[in-house]
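Novice: Let me give you the structure first, and then I'll get to my questions.
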């Protein structure tokens, strides 16, 4: 019995997997159990930001494994404090709640919004994806994700993405928070217009709701800036982050401004594993590599080059840093053929391809990827 048959026998079938068993990775490449090499433009869905098995990350994790893996938030640990201080520097936020994933970060943000405002209602947008747990799912728009699990958290209303007039119709004095992806990832890579973001800011001023920016997919250099919010010059009340934060080691975070944080009390939320020493060390090491190797700048530079190359042959190419989407005739077939030819890509719909490679990708690897796609 092979690995795929064994998986089907024992693992809950919640994923549509490509027919390849990945065994190891290095940089922008992964290798299957037969030794075949693949250029990886998925990176664990925008997660393996500094490349597979980065040597600095591995060494830092080894050191921490020999010291302390886990204790509890009943006690203080140094990596957690160091990480919070570093995040304050790069994200411009004041307080941090650590958890294990993007969905958990969103759940925390929703709870904190209700606690801080005393209001109940949330507003999200068409095309937004915030996670699959019950709260995060409640502010996720796509019906196929939501319908089987209703009733969800309420009240929640959806406005049309990039439509200020639509938003104005649904926000009011009862709105606790507006949550938004400034670059929609699961929808296929669609950035928010500047006028739309300005409208959100003006309505926040008028009604006093909190602004939650979901940076789970866009954070840590993915868009060519540390965070997508940096493109717009805005100051959210909360930011959710995860994915690339630990470059493959599970860690998430809800970052808060002091005005929100001061209204959260001891016992309002918690996490057994959140902020454990190993995960925080992974995040610190990831940030160290991003800074040392100039990966935020590389994301902007390589993203621009990748988009230029793709526009020569594909339709509706949109890119923000190394978060890129484009259209093909049959996306599932395109993914399958790329896989056969040693290239990992991802489709978000019947026609839309999403590329979110490691931030260490080079011009040579971009050229190789485009060559495979065209062939």
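Placed from the backbone N, Cα and C atoms, the Cβ positions cover glycine too.
Residues annotated as pyridoxal 5'-phosphate binding site in Swiss-Prot, with sequence analysis given as evidence: 102, 103, 129, 214, 215, 216, 217, 272. Residues annotated as N(2)-acetyl-L-ornithine binding site in Swiss-Prot, with sequence analysis given as evidence: 132, 271. Summarising the annotation, Swiss-Prot assigns N6-(pyridoxal phosphate)lysine to 243 and lists sequence analysis as the type of evidence.
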Novice: Look up residue 243 (N6-(pyridoxal phosphate)lysine) in the DSSP assignment and report helix, strand or coil.
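Specialist: Looking at the DSSP assignment, residue 243 (N6-(pyridoxal phosphate)lysine) belongs to a helix.
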Novice: What is the separation, in Å, between the Cα atoms of residue 103 (pyridoxal 5'-phosphate binding site) and residue 243 (N6-(pyridoxal phosphate)lysine)?
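Specialist: Rounded to the nearest whole number, the Cα-Cα distance is 10 Å.
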Novice: Which has the fewest other CB atoms in a 10 Å radius around its CB: 217, 271, 272, the listed binding-site residues?
Specialist: 272
Novice: When you put residue 216 (pyridoxal 5'-phosphate binding site) at the centre and draw a 10 Å sphere around its Cα, which of the recorded positions 132, 243, 271 have their Cα inside it?
Specialist: 243
Novice: Just report the maximum Cα pair distance in Å for the recorded pyridoxal 5'-phosphate binders 102, 103, 129, 214, 215, 216, 217, 272, no decimals.
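Specialist: The span, Cα to Cα at its widest, is 25 Å.
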Novice: Based on Cβ atoms within 10 Å, give me the single least packed residue among the binding-site residues 103, 216.
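Specialist: Looking at the binding-site residues 103, 216, the Cβ with the fewest others within 10 Å is that of 103.
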Novice: Reported as an integer number of Å, what is the Cα distance between residue 102 (pyridoxal 5'-phosphate binding site) and residue 132 (N(2)-acetyl-L-ornithine binding site)?
Specialist: 10
Novice: Take the C-alpha atoms of residue 272 (pyridoxal 5'-phosphate binding site) and residue 132 (N(2)-acetyl-L-ornithine binding site) and report the distance between them in angstrom, rounded.
Specialist: 20
Novice: Sort residue 103 (pyridoxal 5'-phosphate binding site) into helix, strand or coil using the DSSP assignment.
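Specialist: Where residue 103 (pyridoxal 5'-phosphate binding site) sits, the three-state DSSP reduction gives helix.
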Novice: Are there any residues at least 6 positions away along the chain from residue 214 (pyridoxal 5'-phosphate binding site) with a Cβ closer than 8 Å to its Cβ? List them or say none.
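Specialist: Set apart from residue 214 (pyridoxal 5'-phosphate binding site) by at least 6 residues yet with Cβ under 8 Å, we have 102, 106, 128, 130, 179, 180, 181, 239, 240.
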Novice: What are the non-local neighbours of residue 129 (pyridoxal 5'-phosphate binding site), defined as same-chain residues 6+ apart in sequence with CB under 8 A from its CB?
Specialist: 140, 141, 142, 145, 181, 184, 185, 186, 187
